[in-house]
Every structure is written in structure tokens, then in C-alpha cells.
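Q: Let me begin by handing over the structure; questions about it come next.
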Amino acid sequence: MADSQDDKLYKAEYAKSGRASCKKCKDNIAKDSLRMAIMVQSPMFDGKVPHWHHFSCFWLRAAVQSPSDISGFTDLRWDDQEKVKTAIESGGATGGKGGQKGAAKGEKTLNDFAVEYAKSNRSTCKGCDQKIEKDQIRVSKKTVDPEKPQLGLIDRWYHTGCFVSRREELIFKPEYSAAQLKGFAVLRDEDKEELKKRLPAVKSEGKRKADEVDGGVSKKQKKEDEKLEQNLKDQSQLIWGIKDKLKKFCSINDMKELLIANSQEVPSGESNIVDRLSDCMAFGSLKPCETCKGQLVFKSDAYYCTGDISAWTKCVFKTQTPDRKDWVTPKEFSEIPFLKKFKFKRQDRVFPKDAPPAAATPSSGSTTSAATSVSSASKNLTEAPADKPLTGMKLLAVGKLSKNKDDLKKFVEDLGGKITGTASKAALCISSKKEIEKMSKKMEEVRDAGVRVVADDFLTDIKESGKALQELISLHAISPWGAEVKVEAPAAAAATKSTGAHSSKSTGKVKEEEGGSKSKKMKLTVKGGAAVDPDSGLENCAHVLEQNGKIYSATLGLVDIVRGTNSYYKLQLLEDDVQKRYWVFRSWGRVGTTIGGNKLDKFYDKNSAMDNFCGVYEEKTGNAWASSNFTKYPNKFYPLEIDYGQDEEAVKKLTQSAGAKSQLEKPVQDLIRMIFDVESMKKAMVEFEIDLQKMPLGKLSKRQIQSAYSLLSEVQQAVADSSSESLILDLSNRFYTLIPHDFGMKKPPLLSNVDYIQQKVQMLDNLLDIEVAYSLLRGGVENNEKDPIDINYEKLKTKIEVVDKSSHEAQLILQYVKNTHAATHNTYTLDVEEIFKIEREGEYQRYRPFKELPNRQLLWHGSRTTNYAGILSQGLRIAPPEAPVTGYMFGKGVYFADMVSKSANYCHTSQADPVGLILLGEVALGNMHELKKASHITKLPKGKHSVKGLGRSAPDPRATVSLNGVDIPLGKGMNTNIDDTSLLYNEYIVYDVSQVNLKYLLKIRFNYQTSLW
């Protein structure tokens, strides 16, 4: 598995055997010789593996910028450290095996820079994003794509001028010259001369003169650097002197006993034992971690803790100055000459200049701000996406904008995005209406690619506004074309060859570059209590064993944000449908990808198969299969309360045959189909990053969702209290394990900011309603007399009638829709397709006591289509007690609006799915507590019955009409002259669901703007 503290792209060590072969030349790497690796994503499990190379072959594939990029560099012998440094400084040229000579005499070719004549006009300059014409000179900086490191160095091409202007940024060092570029020798003579002028080497004399200008400061710095270098050399020789003697004079058992005698944990592997022992003998025995009492271990730039702060999370403590005690050699080792003569001398370990100082991660009692308490130990943690709103997006700029190209590029990159020059690669285009009218060739490419165009003030708004990305895109869209913008997920590692089969064992496959992160669709065959995993190849001839009411099937999860892992493990005991044959099938990998593998073990008696199943389960979880109380252990999997879609087939049959015998009016039939549309539910879950393979619709338990709410409450409180990053990390790991997410190859993001936590709260709100809808669908499947649509209609326990659009009440509602469409919601218009009158069973009786309150209004409430089965069957609900309070502007209540488009925005429709549902409810507001800014209401002031958030615009009160004693504020929007409010439009909140009586349900079509004129 990937090391929890080491996420570096490269690794160096001495070969432990002579079995490994070089990935470049395919020859074996001799034992004890220096070998270098590029770390790549394993296709077999959720972690990284080294691709080893001979030292000389390595530099033909890697572009190392600094020794600190290499894990294990400081553990090398001094001479080998110098060798690596020299290779880095010379651009990877080693002069050894595989080395290449440059064009100029005595100069070596730089392996990570190249020059050539462009072979076509398809390449794009990485500096200016413009095309490089065929036969034009282009210069490349070779880099490793972090998502596909196994591909080695990849050319990133530049125009000559663009490369020259970025010389320092591209680390083309002053001492490098054009003559050292790979391919320089084959250029035409005149081009060679021109390139030499533009990319000259800076002479060393010039450097010395510059140093003299700085005077004593540079001399002093140089002296300090030389002293540090000598100290590092002496330190390396001391450590390796100890290592060599330990290997020569001590057995492995002797070394283990020495570690135990000095209260140190004994690691696995001879090299690890020697490393730890030499460190302790040189600098002193390490005291336990001050945070978790775990074992500290030296790794390249600091001492890292290998312990755990909880059963869910590894400790992230690291330091360069650990507490130590004197090394003690037990008397029984006095017969070993080396140990008898060894005299311990206390000293501190010296670190290279480029090693960042390691600050210890604050413990749970720290008062450090949560925003800044992330230690360097966890610098690679992925922050919540809300921090950089354009993360994963490529933008194209067309025409003259308010910012020049360089400023725009920096601005976009600061927001997490990238600028591209190719329309087909862009998610969004920044331009102006003038450019659209002009319709240049570039804008034609944008239109043909279907890329939405937004005005350039979109960038300013997204930086300063707290609004959602999609909402801002809709607000600033200026093109008559363009689909809903999707954020691009980083590509996974390139696919490797696989011999996957349904036999004894299969290898995994890494996703294709453009494959995104969606799990493959599987047809699940349900037999008895659970579905047989189709990857077993036995779905047609076997079933999952069920004994004493227990189904022998388990899905396990393990998330570690520090490691970047998001793993699953599936286990099933299968019994032949006819014969007495048994199999234990297991599969594993990374959630949301095809990374992983599987294994099928065959047994001829039940007891042997059960023993194997129980043994694997206990190995992976630390718990016995028969145990009733599960205990989570560090680095062990956690069982998820899910299954492979029990009742899925029955639900499909129910929905597919719907409508043939229905007694309902056609518009009501269509409404029921819409509310119970399983595909819409699945789309919603995918939108929430839920992994449908591990969390299918059929098994969204309320208990699981409520536990997830509680975790979000805890993490929200931790962020608010500026708790330690370790606590937030722990809660994040637990949340993602409980609710499996599909992040593809991205690291699971830390739940470290309020906006991202609120996104997850909204996700759980919607999952609760989806759970209700699916539970209703599964119930009452047996009735063959009634039409499935009628059965589902009855489950809602709501009387639904179609309202004639020519009726008085319908005309009032249509006027209400027309007049209260807010001016700022100008990216769509609304058409009312159907109006339904609704009457929820028992709701009027509940509402009757509040009917006596003054100020009853008919107000809007919008929600996703997938939520309406829950809303109609159970009513509008207040967020559960487990849910965090953050994100609710006026506390936990039921929210309404008097502007139709304010509520319509919560329908979450799109151009691809433009039909939504919106409610009109009679709300007993009584005496309102009026507010202009956020206030977390837990109890209303005495004499108040509701809260009104005052907006800057509202329906003209003079046009309010009454229908059966209920006010309908259907006037056109007007300025309220309230300027000191944080709300654009009014909000109404009640804190008792009994104050709501749902009256109408509207089916509305969103007409997204298709024309600018």
C-alpha cells in the first residue's frame, strides 16, 4: 500500500534482491545496487507501487527537480547522494548506461529538454495557448504527468519565444545552453545560431561577480552551506558505518533484541530494522509520539508517527526534533566486538537545506485556527472543493477582455482552473456579447463544440460571491448555446494489460484517460437474500449462502485521506444451485474506478467454505463474523449496511408495466411516473458523488443517513471551534466510509470548510427523500390486480386532482407565476404545464389549530423531483436533530418564498432535464419576527410565530389578492427600499410543520434562454 507519510513521485534505495527488472531496459537490477523508481498507481489495489529502473535508465524517464522529490534520498550513501545531485543538476544526463551526447563538443544532452521542427500544426504552445504551425521550431520541457507517471517524460511544447520568456520558471538553469537541447544537432545551421543567441549559457565568472556585489552576505551564506554539506556528509558516513557493522556482526534476531531493549517497535524487513537501529544508535532512542504514543520513524525530511489517533485515522504528527533518550546496549551483547566498543554520543540529526521544517500537528486541545492548523505532515490532503471553485475546469478566452492574457491566466489558476486554447477541451468560454455578434472563427469553434460563453465579470463574481458555480454560470451566460457545465475529473492512470477472468484470480484495470470515474453497470441476479456478484461468473448457477438467518455476503469500506485511499472489499460465500459445491468470492479495489482485482476459491464442503469466509472477514475487519457488536480497528475495514439491490428486479417490473390498467387521469399518471422515476434517483445520487455500486438505491438505510448527519454536526462544530486538524481528518474518514463516495482517482477532500459541509448536508437531505421514494416503490409489489401507477399513487396518501387552467384559482396561480419571476433570474422563463390540487391525508387536521392565526399566505417551495415522494407521503419536514445547524440562514425550519423563481432555483433542473415540480402551500405565518441578516433561530421570541427574512425586492403589496381567506402576494416585483439587508428576496420560515397546509403542486417547464435577442 502507499506509505501514509510519503506521497513522493520518486523513490531511491539499494536493491534487496536481484529479482527486479528495469522497466526501461528490461535487464535485472543487481542486488545491493542503487535503483530508482517512479511511483505509479497499482492496477491491482488502492495504492501505489514502484516501477524500478537502473540508475542510468531512470533519468531517461524522470524529470527530478530536487533531491527532496525522491523518497529515501537521505538514506543513500553519501557518494550516491552526490551522484543523484549531479544527475539532477545536469538535467538528468548521467553519462552512464543510456546517456546521450549533445551536439556541442564536451556538452551533454539534457534529457528533459528538446527542440525540433513541429511535425504538424496540431500541437498547442503551453505558454500562450496558441497553435504551433507545422515546421516551426518548438522547444519542449519534458515533465511527468502525475496522473500517468508510468508514461515517463512527456513533451510540453512551447514557441521558442514563449520558452525563452519562461526560462527560469521552466528551470532551464543559467548554466544550460541551447546546444544541450535534445535534437539540437539536427537543426539547420542558421536555426542553431539563432537558438544559441536566445538561450545562451551564463558564464561562471558572471556568477562570481554577482556574488562579489553581495559582499559578505554571500560569502557568509556560502560558508554556512559548506559547513552544512560537511555535517551531512559526516552524518551519512556515521550512519552507514553503523549499518555496515550491524550487517557484518549482528544477526537479525540480535538486531530485533536491541530494538526491544530500547523500547522501539520492531518493523518487518531486514533493511527497515537496520535503518531504525542505526538511527537510534547514532542519535538516541526515540520516545513515543506526544499525540498518540505511537512509534516515530525517520523518513527523508522528518520523523513521522506510525500510530493512530483513532480506529479510523492515522496520526499525522511529524517533527525534526523528536524527544529522545540515550541508547543502551544490553550487557548480554558485550561478546559482539562492535557493540562492546560502541560508545553512544548524543547529537541531533542534521537535515538538508531544502527539507521543510516540520511542525508538529496540534493535538485536540489546540486553539490553532482550523483554517491554518493543517500541518506540513498533511500538506497533501485535498481541501474541500469549495476553496477553489474552478478546480478541474479548463477555460477558453476569446476576444478583448478586461484582463490581459497573463493576468487572466494567473487569475484562473488561482481559482483552481486552467486556460486552454482549444475549444473542444474547454468547459467554459470567457468572452463578450460583442464577440458573439462578430462570430470570429474562434467563436465558431466554441459554438460548434457546444461550449457555454459567459461574460468576464463571471470570474470576479465567482471569487467574491458565495453562490454555487452552476448558479453563477447561469447568471453570467451570454451565449445561445452550451450545455450544463460539468467539472472534469482528473484522468486515472493509463490502462494496463489485464488477464482478468472469473476463475481463480483476476488483475485489475486502471481507467482509460477519458473514462472519468463512473463504476461499470452490472446486471444483478437476486437469489434469496442477496444478489450474486456477477464478477464471480457464477450468477447463473449459484446463490449466496444463508444460514440461521444470516446472509454470507459483506461489503467493507476503508477511507484514509492522508494516504489518499478510498478502498472497498467485497466478500461472498456462494452455494451451487444443484450440487454440493461452494465458492468464496472476494473482490477489492478503489471505489468508483476499475482499479482492483478478485479471487474465487472453490470448496467441496460447506464447513471449509464457511471457515475460509469467516477467516477472511476477520483478517480484513479484526472482528469475528459471528460477533454481534462490531469494533472498528486501525487500518481495518468497516462493514457497510448495504447489498446488491435486493428487490431491484421487482421494482423494475413494477415501473416498466405501469399505466396499462390505471384508473387515474393521464396528467396524474405522468406525475406519478415522474415522482417515482428510478433513473432520476440514480442521476441525483451520481451528482452527489455517491458510489452506486457500494450504495445502491435499495439499501439507503435511515440509520446510516442519521449517523452521517451526526458526523457532519461533529465536524461542523470542530471547524467552528478551530479544533485540531487531526479531529477533522478523523471525522472526514468516518463520514466517507459510512457513505461511500466516488471520487475517481482524486483524494477524498477534507471536510474542512462550512460550504463543503453544507453541500454534504444537502446531499443527506435528498438521500432521505430518495430512501422514502424507493421504500415506497418496494412495498406492495404482490398486488397484480391494480396498475402499478395506481399502487404507487395510493402509497403517497395524497389526493391529487388536475385543476382546469381556465378556472379562477388556476388563473390566479398563473398570474402569480408570471408576476413574481425575479429580475436577476433571467437565464430561464417558466411555463406551467399542469396544476394539481393536492390534499395530504391528515394534514388539514394537523393544520386546523393554526388556521385561526392571522397572516396566512400562499407561498412557494421548490425541491428536486426525487424528493416529492417523501414530501407528499410525509409532508415538508424540518432538518433532523442530527443535522448540523450550518447552512440554514435562519436555523432549522421550513423555508418558503413569495417570488416563484427563488423557489424554482431549488428544483435543480437543467437544459437536458428542464421539467420540475414546485409547491404552493398555505402557511400560517401569524406575527412575523423580521430579520435582515442571518440568525440561527432555535426558539422564536415570545409572541412570534414565524421569521421573515426581508429582501430588497418583493411583490407589490397593493396587488395582493385573497382566495378562501388566504393572501396571495401576486404583485409584480418592486423595490422595498430596504438597502441594509443581506437578502435579495423575501424568505418565510416556520419552525412547526403543523403551520403548513400544502395546496397545489405545479409541473413547470424551464425554458433556458436560447437566444440573446
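Each residue, glycine too, has its Cβ placed from N, Cα and C.
Pulled from Swiss-Prot, these are the listed features:
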BINDING   CYS289, CYS292, CYS305, CYS315  Zn(2+) 3 binding site
COMPBIAS  356-378  compositional bias 'Low complexity'
COMPBIAS  494-507  compositional bias 'Low complexity'
MOD_RES   GLU413  polyADP-ribosyl glutamic acid
MOD_RES   GLU435  polyADP-ribosyl glutamic acid
MOD_RES   GLU444  polyADP-ribosyl glutamic acid
MOD_RES   GLU445  polyADP-ribosyl glutamic acid
MOD_RES   GLU464  polyADP-ribosyl glutamic acid
MOD_RES   GLU471  polyADP-ribosyl glutamic acid
MOD_RES   GLU484  polyADP-ribosyl glutamic acid
MOD_RES   GLU488  polyADP-ribosyl glutamic acid
MOD_RES   GLU512  polyADP-ribosyl glutamic acid
MOD_RES   GLU513  polyADP-ribosyl glutamic acid
REGION    202-228  region 'Disordered'
REGION    284-326  region 'Zinc ribbon'
REGION    353-385  region 'Disordered'
REGION    365-523  region 'Automodification domain'
REGION    494-522  region 'Disordered'
ZN_FING   10-92  zinc finger
ZN_FING   113-203  zinc finger
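Could you place these features in context, so I can see how deep they sit and what lies close by?
A: In the three-state DSSP scheme, CYS289 (Zn(2+) 3 binding site) falls into the coil class.
In sequence order, ILE419 are the residues of the chain that are 6 or more apart from GLU413 (polyADP-ribosyl glutamic acid) and have a CB within less than 8 Å of its CB.
Counting every protein chain shown, the Cβ of GLU435 (polyADP-ribosyl glutamic acid) has 21 other Cβ atoms within 10 Å.
GLU444 (polyADP-ribosyl glutamic acid) falls within a helix when secondary structure is assigned with DSSP.
Taking a C-beta cut-off of under 8 angstroms and a sequence separation of 6 or more, GLU445 (polyADP-ribosyl glutamic acid) has the following same-chain neighbours: ALA423, SER424.
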Q: How many Å separate the Cα atoms of CYS289 (Zn(2+) 3 binding site) and GLU444 (polyADP-ribosyl glutamic acid)?
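A: Cα to Cα, CYS289 (Zn(2+) 3 binding site) and GLU444 (polyADP-ribosyl glutamic acid) are separated by 62 Å.
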Q: Give me the Cα-Cα distance between GLU435 (polyADP-ribosyl glutamic acid) and CYS315 (Zn(2+) 3 binding site), rounded to a whole Å.
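A: Given the Cα positions, GLU435 (polyADP-ribosyl glutamic acid) is 54 Å from CYS315 (Zn(2+) 3 binding site).
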Q: Rank the binding-site residues CYS289, CYS292, CYS305, CYS315 by how many other Cβ atoms lie within 10 Å of each Cβ and give me the one with the fewest.
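A: Among the binding-site residues CYS289, CYS292, CYS305, CYS315, the sparsest Cβ neighbourhood within 10 Å belongs to CYS292.
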Q: For the region 'Zinc ribbon' (284-326), jot down how many residues DSSP puts in helix, in strand and in coil.
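A: Breakdown, helix to coil: 0 helix, 16 strand, 27 coil.
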Q: What's the CA-CA gap between GLU444 (polyADP-ribosyl glutamic acid) and CYS292 (Zn(2+) 3 binding site) in angstrom, rounded?
A: 61
Q: Is it possible to get the count of other C-beta atoms within 10 angstroms of the C-beta of GLU444 (polyADP-ribosyl glutamic acid)?
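A: There are 11 of them.
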Q: What is the set of residues, excluding CYS289, CYS292, CYS305, CYS315, whose C-beta falls within 8 angstroms of the centroid of the C-beta atoms at the Zn(2+) 3 site?
A: PRO288, GLU290, THR291, LYS293, GLY294, LEU296, THR306, GLY307, ASP308, ILE309, VAL316, PHE317
Q: Which of the three DSSP states, helix, strand or coil, fits GLU435 (polyADP-ribosyl glutamic acid)?
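A: Assignment for GLU435 (polyADP-ribosyl glutamic acid) reads helix.
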